[in-house]
Ligand code: ATP
Ligand code: MG
């Protein structure tokens, strides 16, 4: 099993429900040296812990709106330092950030200063009609961020996390109405972000309607460039 020959600094872009979390889990299993951070998971644990950021985030999330850029940029920058991701030798994957052009610029600036530029940005391209059809079947294990789909990717024991056996829950923002708003929001913000990364020559796209179709393409892409 080949591993990575140079550090991987990768971002997954994709509509809500496109399967960023699922692809992350699989990539990390295949490439254990890579660390990951999901801003959605970070925010959900801050909410669960009742922190100041959690309190600020909770209303925005419930309404399917984005958390303000200054809060998000501050949060991610401090995580990058804590996790030691600004070391050029580190390999990591960021899921859920950047979500706006401003966030992309802020991230780029900080990585540039530390000589650890992004070297791969992958758009997970899934038909949004397919996403809408399957979203109400999504259940999550909040502490780990593990994601299940009752129809396509069910847990071994119904409504229990495979690893810990703890109960799965529904995200309050996975209802049809809030979800449509999140999709609209994504479609509104994504074009300038894609343009920014495509100008830098790091943007790739993998298409497919299920995570099982997307994953082998994503793994092959990573191995082609970094294996
Ligand atoms: P999925 O979990 O299917 O990938 P998603 O990408 O919409 O869907 P999360 O990444 O879990 O969901 O994020 C959930 C919510 O957290 C978002 O709807 C938004 O309110 C907030 N959020 C997460 N990341 C950011 C960010 N970078 N900027 C602003 N808000 C964010
Ligand atoms: Mg997610």
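Every residue gets a Cβ built from N, Cα and C, even glycine.
Small disclaimer: the values here were computed from a predicted structure and weren't measured.
The annotation GTP binding site is assigned in TrEMBL to 17, 18, 19, 20, 21, 22, 138, 147, 148, 211. Annotation source TrEMBL lists AMP binding site at 39, 44, 65, 66, 67, 96, 97, 98, 99, 103, 171, 182. What TrEMBL lists as domain 'Adenylate kinase active site lid' is 138-173. Taken from TrEMBL, the feature region 'NMPbind' covers 38-67. Per TrEMBL, region 'LID' is recorded for 137-174.
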State the count of C-beta atoms found within 10 angstroms of the C-beta of residue 148 (GTP binding site), not counting that atom itself. 22
When distances run from the Cα of residue 171 (AMP binding site) to each of the binding-site residues 17, 19, 21, 138, 148, the nearest one: 138
Going by C-alpha distance, which of the binding-site residues 17, 19, 138, 148 is nearest to residue 67 (AMP binding site)? 17
What is the maximum Cα to Cα distance, in Å and rounded to a whole number, among the residues 39, 44, 65, 66, 67, 96, 97, 98, 99, 103, 171, 182 annotated as binding AMP? 24
For residue 65 (AMP binding site) and residue 17 (GTP binding site), what Cα-Cα distance in Å is obtained after rounding to a whole number? 15
Which has the fewest other Cβ atoms within 10 Å: 65, 67, the binding-site residues listed? 65
State the non-local partners of the region 'NMPbind' (38-67) in its own chain: residues 6+ outside its ends, Cβ under 8 Å from one of its Cβ atoms. 20-21, 24, 75-76, 79, 94-97, 99-100, 142-143, 145, 171-173, 178-182, 185, 189
Which binding-site residues among 19, 21, 39, 65, 97 have CB under 6 Å of ligand 2? 21
Near GTP: residues not in 17, 18, 19, 20, 21, 22, 138, 147, 148, 211 with Cβ within 8 Å of the site Cβ centroid are 23, 149
At its widest, how many Å does the recorded GTP site span between Cα atoms of 17, 18, 19, 20, 21, 22, 138, 147, 148, 211? 13
Go through the binding-site residues 17, 67, 97, 171 and pull out the ones with a Cβ less than 6 angstroms from some atom of ligand 1. 17, 67, 97
Over the span of the region 'NMPbind' (38-67), count residues by DSSP class, listing helix, strand and coil in order. 22 helix, 1 strand, 7 coil
Long-range Cβ environment of residue 17 (GTP binding site), under 8 Å and at least 6 residues apart: 126, 131, 132, 134, 135, 138, 174, 179
